[in-house]
Amino acid sequence: MSLFNAFSKDIAIDLGTANTLVYLKGKGIVIREPSVVAINTENDSVKAVGEEAKQMIGRTPGHIVAIRPMKDGVIADFHITQSMLKYFIRQVSKNIAIGKPRVLVSVPSGTTEVEERAVIEAALQAGAKLAKIIEEPMAAAIGAGLPVGEPTGSMIVNIGGGTTEIAIISLGGIVTSKSIRSAGDKFDEAIVSYVKRNYNLAIGLRTAEEVKISIGSAYPMETEESMQIRGRDLVSGLPKTIQVTSTEILEALREPVGAIIEGVKSTLEKTPPELASDIMDRGIMVSGGGANLKGIDALIRKETGMPVQIADTPLDCVVMGAGKALEQYEQINNSPYNGKYRR
Ligand SMILES: Nc1ncnc2c1ncn2[C@@H]1O[C@H](COP(=O)(O)OP(=O)(O)OP(=O)(O)O)[C@@H](O)[C@H]1O
């Protein structure tokens, strides 16, 4: 049974802190852009959205600001989030001439009801005919191929940009979950702090992200790697290049990665014994962009003693799961949205 009707032009959106992905029913992923909006503050108009706006971060003239409207997995700026959502929904509607779509948006599990209403409102104002919410860990679990509808425990750890969502799912419902504000962004910030502390060098978050992706790891790697990075020397004030090693970045990431491990352990401690035993058999599934951090699976395995698997396309799990949920929604949550907000 479909969430809406079988012929509708439904879209699913992963409204992420770092990236927004849009899935069009029958087509797959049609938009994959950073969640960034550049605003001209002279007339409050939107100058650019997505990749084009991301390129402007840290490089804008005074009257243009590049903003990430979602922070720590929640909506930090409602109006800009709304503009972004409108832009993406209109992109899809315009290019594919689908008329007014019905929209399913995934939000982090820590999102308050007020924020959920704000997202629904934004989707409706962006031209959606109907809008519904799906919780991110549920979407991630479906997208990672876990058997969420079965009477067996599945565990998902979705490491995004702003939040890590950890959940135990059984029979189509979230049994226990935790949303922690340590994920990809905190990894980047930790690298910025490390370089500042140890080298007196100021680097930007984009450089830190490049370092994380190139030589970052959560677990000691077999071969040591190194990378040159450029920043501003805090003593002389001049540009300077230094070399950092993978061992140093492992050390820099210890704290934010440790917070995720603590979250996983405390969720396991709260898990009912029958489900815990299922998870011992089936293991923990890791998704989200942060699942790409080298060695994250090895570390979780070592710290929990459970089997751990990285999802096939970690960055796509949430939107693919939300997309699948468009078709399977009745099995997951039987509360129809009837024109007004309802969970
Ligand atoms: N190869 C990689 N190694 C390490 N981190 C990576 C890699 N590729 C992407 N990331 C990180 O993944 C994060 C983005 O992941 P994702 O798109 O799943 O988050 P999001 O859905 O936007 O955020 P949230 O779920 O918190 O709302 C970024 O911090 C990015 O730097």
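Backbone N, Cα and C atoms are what each Cβ position is placed from, and that goes for glycine too.
All annotation found in TrEMBL is predicted automatically rather than curated by experts.
Here's what TrEMBL has on this protein:
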type: BINDING; residues: THR17, ALA18, ASN19, GLY161, GLY162, THR163, GLU209, GLU210, VAL211, LYS212; note: ATP binding site
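DSSP gives GLY162 (ATP binding site) a coil state; it is part of no helix or strand. Taking a Cβ cut-off of under 6 Å from any atom of ligand 1, the binding-site residues GLY162, GLU209, VAL211 reduce to GLY162, GLU209. The secondary structure of ASN19 (ATP binding site), as reduced to three states from DSSP, is extended strand. In sequence order, ILE191, MET227, ILE229, VAL244, ILE249 make up the list of same-chain residues 6 or more apart from VAL211 (ATP binding site) whose Cβ falls under 8 Å from its Cβ.
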